[in-house]
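Take a look at the structure set out below.
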Amino acid sequence: MSSPGMLTAVTPPTAPIRRIAHLDMDAFYASVELLRYPQLKGLPVVIGGGRRREDDMLARLREAYPEREWTGDDLAHIPVEFFPLLGQYAGRGVATTATYPARQFGVGSAMGLMKAARLCPQAILLPVDFDEVRRISRLFKQTIREIAPVMEDRGVDEVYIDFTDVPGGQREGGRVLARLIQKSIFQATGLTCSIGVAPNKLIAKMASEFKKPNGISVVYEQDLEQLIWPLPCRKINGVGPKADAKLQGHGIHTIGELAQRERTWLIQHYGKSYGAWLHEVAWGRDERPVQTESEPVSMSRETTFDRDLHAARDRAELGAIFTRLCEQVADDLQRKGYVGKTIGVKLRYDNFQIVTRDSTIDHFTNEATSIRRQAGLCLKRVDLTRRIRLLGVRVGSLARLGEVPPEPERPPGPAQLF
Ligand code: TTP
Ligand code: MG
Ligand code: MG
């Protein structure tokens, strides 16, 4: 029999409950630029309009003040007035992201820069530095793994983490561990992130958005009705614009409304597997494990042209772009240590219609020339009489280099003997 004193002294051991976190960096590409230009903190900054070469701002400084020698140490002291403004932009680029001050003007990811310029002409426009983005991406993930090893890489700026058995992962529903991770990432990179901790990936992914930027949200199973059901269905990772439009057509706008539909009705209208899945997610159920090794399925590169191009009239230009895309994909594959055997192309015509073609070859490759040859054959299978707005090259059916048998050497047959 326990005395009242014992109750306060000893906490009975409880089995850990499943706690899954989703972590997403705040305004990632833009935040990476602010590390280099801290004088822009707090200002509207939009990222887009191309890739950085060396340092564009240094080049501008050297041009304006050739009498002085400018180095990388000067970047943090470049006056704010010196930065290019979004209002001066003309072209077809899109915003890849924007700082939170810029978002207050309605600017966001995937918005045309011309439109963004109308909303917030005073924003500073900067290109993305992919090398730096990748470096910081590796750094923040490494920081997490050192604290919580069961981490699933979900792209450049986000991961899932299994908190269940990590010290601190159960305290305050995971908030204690989330705080430690936020602090460690800030120390390692100077950047902030937002974390949702929940019973599973599905809810964690939604929760990481609740308190952006630099926030932590803790959601328990019993919060489903209050925190999840009021959200629009589009917030479910896996409900895209098409599915959402169809749900809207059925008068289903929120996750709560989705949950009220019979499972059989959902299966009738959305198919056996998607319908059943919709029912499960509306009730907050998701058993997917956090997978530590997530292998890429494919790698691709694409580019939107400054003006629409025509296969015959712009042959040279198009050919050069095409070759460059193949070289970039080959470079990505080689750098990351992959080979692939399905090679494909993607085109968007001037009316925004997208077509893709691919073919699978009998051996794995990561060579630009063989990718170029196969992609060229795919290109022959699409309509090239129309104007093209975007071109892309993809290599799929990937395997890790070294995990596939080397290409067999063909024994010299009779034909080669003579
Ligand atoms: P997100 O995590 O979607 O956005 P974000 O980190 O910029 O902002 P948030 O604070 O809301 O998380 O995407 C991560 C990066 O991926 C983003 O900084 C830029 C890039 N990106 C694109 O290039 N194109 C896109 O359409 C989106 C959505 C993101
Ligand atoms: Mg982000
Ligand atoms: Mg993200």
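Glycine is treated like the rest: Cβ placed from N, Cα and C.
Caution: TrEMBL annotation is automatic and unverified by curators.
Within the same chain, residues at least 6 positions away in sequence whose Cβ sits under 8 Å from that of Glu158 (active site) are His22, Leu23, Asp24, Met25, Ser208. Summarising the annotation, TrEMBL assigns active site to Glu158.
Mapped onto three states, the DSSP output places Asp157 (Mg(2+) binding site) in coil. The Cβ of Asp157 (Mg(2+) binding site) has 22 other Cβ atoms within 10 Å, all protein chains considered. Residues or ranges marked as Mg(2+) binding site by TrEMBL: Asp24, Asp157.
Annotated domain 'UmuC' per TrEMBL: 20-240, in sequence order. Confidence annotation: the domain 'UmuC' (20-240) carries a mean pLDDT of 94 in the model.
The site 'Substrate discrimination' feature in TrEMBL is assigned to Tyr29. All protein chains shown were included, and the count of other CB atoms within 10 Å of the CB of Tyr29 (site 'Substrate discrimination') stands at 27.
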- Express the distance between the Cα positions of Asp157 (Mg(2+) binding site) and Tyr29 (site 'Substrate discrimination') as a whole number of Å. 9
- Query: Asp24 (Mg(2+) binding site) has how many other Cβ neighbours within 10 Å of its own Cβ?
  - Reply: 19
